[in-house]
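One structure below.
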Amino acid sequence: MSLPDTPTLALACELISRSSVTPEDAGCLQLIAQRLAPLGFVCERIDIGGVSNLWARRGSARPLLCFAGHTDVVPTGPLDAWQSPPFEPTIRDGHLYGRGAADMKSSLAGFVTAIERFVAAHPDHAGSIALLLTSDEEGVATCGTVKVVEALAARGERLDYCVVGEPTSVKTLGDMIKNGRRGSLSGTLRVKGRQGHVAYPHLARNPIHELAPALAELAAERWDDGNEFFPPTTWQVSNIHAGTGANNVIPGVCDVLFNFRFGSVSTADALKARTHAILDRHGLDYELDWHLSGKPFITGRGQLVAALGNAIRETVGVETELSTTGGTSDGRFIADICAEVVEFGPVNASIHQVNEHIAVDAVEPLSKIYERTLRALLTA
């Protein structure tokens, strides 16, 4: 690997070299805190349940602009499928390769170097700057950002703006900002029947047969029409299981896992109620447990979207697109204490894949976009 030629690239390489497979942090937060402390940041570790969390803040005034992200990465997959070791950052053909290069250690490096330059140029800037970082985003995400948000809320700390460094760009750096995400509501359904011999169906009740019409109705249901920010709500079955494995036994139960992805038109409670109404109408004997892993959030065209969009245009000459597509992120937790939350980072085409990479010539511009956003929001 040739030596990194910019501070952001050097820090990205140092972070990638740390094997922080979720929920491990591998010293990434300590490294970042060591860079922030000399700038006047108060760095607070909020470690919970084996998860490493960092809340670092400079200043006490409003507005508060927070950069948020995660140090953990997904597992590498088969090592022999990588062209170079995943935790040995390698520059090849104009790209930086390594696990976390795009998701999201280059963003973390960009946060830090953007802040360093901004504070050097504006030591008496308006408002406050913060970083909220966790090692529990790629895993179960129960002891990470959500717990830090709870701790901040308990002591009355609120954010005005938050940029989550998720890799949102599609084809080129800056072409997409996520200004919201759909909610995710999962159901675990068990329909009860009566087990019996397939030759004597009159002595049994087949839960698969009883459930099938209800599933068809749920699949055909139009839950809402969406709105300007979100597509219509979707309902999908992810798993169905019934039976003993024998072909002569009618099963006694049928288990189904399903999921809603929903925007701001429908609420989780409304979707639950409509689901129960359909199941009840079919006369099923059932149990249904729910898990809401994230509520939808949306940030309109306010100050943060304008500042970030202008920063992208000034840095890379791209007119960005706002989108709410894709899965959930930690933005869903931060939205509880922050009025304006967006996600922005590098191209996501290689994330969670072998040979994950980011274009070398996108690393420094990413940091400059973050710096220009700081300047727009925290200088007079």
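Heads up, residue numbers simply count up from 1 along the chain you see.
Any Cβ shown, glycine's included, is placed from N, Cα and C.
What Swiss-Prot says about this one:
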type	residues	note
ACT_SITE	Asp72	active site
ACT_SITE	Glu137	active site, proton acceptor
BINDING	His70, Asp103, Glu166	Zn(2+) 1 binding site
BINDING	Asp103, Glu138, His352	Zn(2+) 2 binding site
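This view paints the features noted in Swiss-Prot onto the structure.
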{"residue": "His70", "record": "Zn(2+) 1 binding site", "Cβ contacts under 8 Å, 6 or more apart": "Met104, Leu133, Thr134, Ser135, Asp136, Glu137, Glu138, Gly144, Thr145, Asp330"}
{"residue": "Asp72", "record": "active site", "Cβ contacts under 8 Å, 6 or more apart": "Ser20, Val21, Thr22, Pro23, Glu24, Asp25, Thr134, Ser135, Asp136, Glu137, Glu138, Gly139"}
{"residue": "Asp103", "record": "Zn(2+) 1 binding site", "Cβ contacts under 8 Å, 6 or more apart": "Val73, Val74, Glu166, Pro167, Gly345, Asn348, Ile351, His352, Glu356"}
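Under DSSP, His352 (Zn(2+) 2 binding site) is assigned to coil, being neither helix nor strand in the three-state scheme. Each of the recorded positions Glu137, Glu138, Glu166 was scored by how many other Cβ atoms lie within 10 Å of its Cβ, and the smallest score goes to Glu138.
Within 8 Å of the Cβ centroid of the Zn(2+) 1 site, not counting the listed residues His70, Asp103, Glu166, the chain contributes Gly69, Met104, Ser107, Glu137, Glu138, Val164, Gly165, Pro167, Ser329, Gly345, Ile351. A simple way to gauge crowding: the CB of His352 (Zn(2+) 2 binding site) has 14 other CB atoms within 10 angstroms, across all the protein chains here. In the three-state DSSP scheme, Asp103 (Zn(2+) 1 binding site) is classed as helix. Taking the mean position of the Cβ atoms of Asp103, Glu138, His352 as the Zn(2+) 2 site, the remaining same-chain residues with a Cβ inside 8 Å of that point are Val73, Val74, Gly100, Met104, Ile351.
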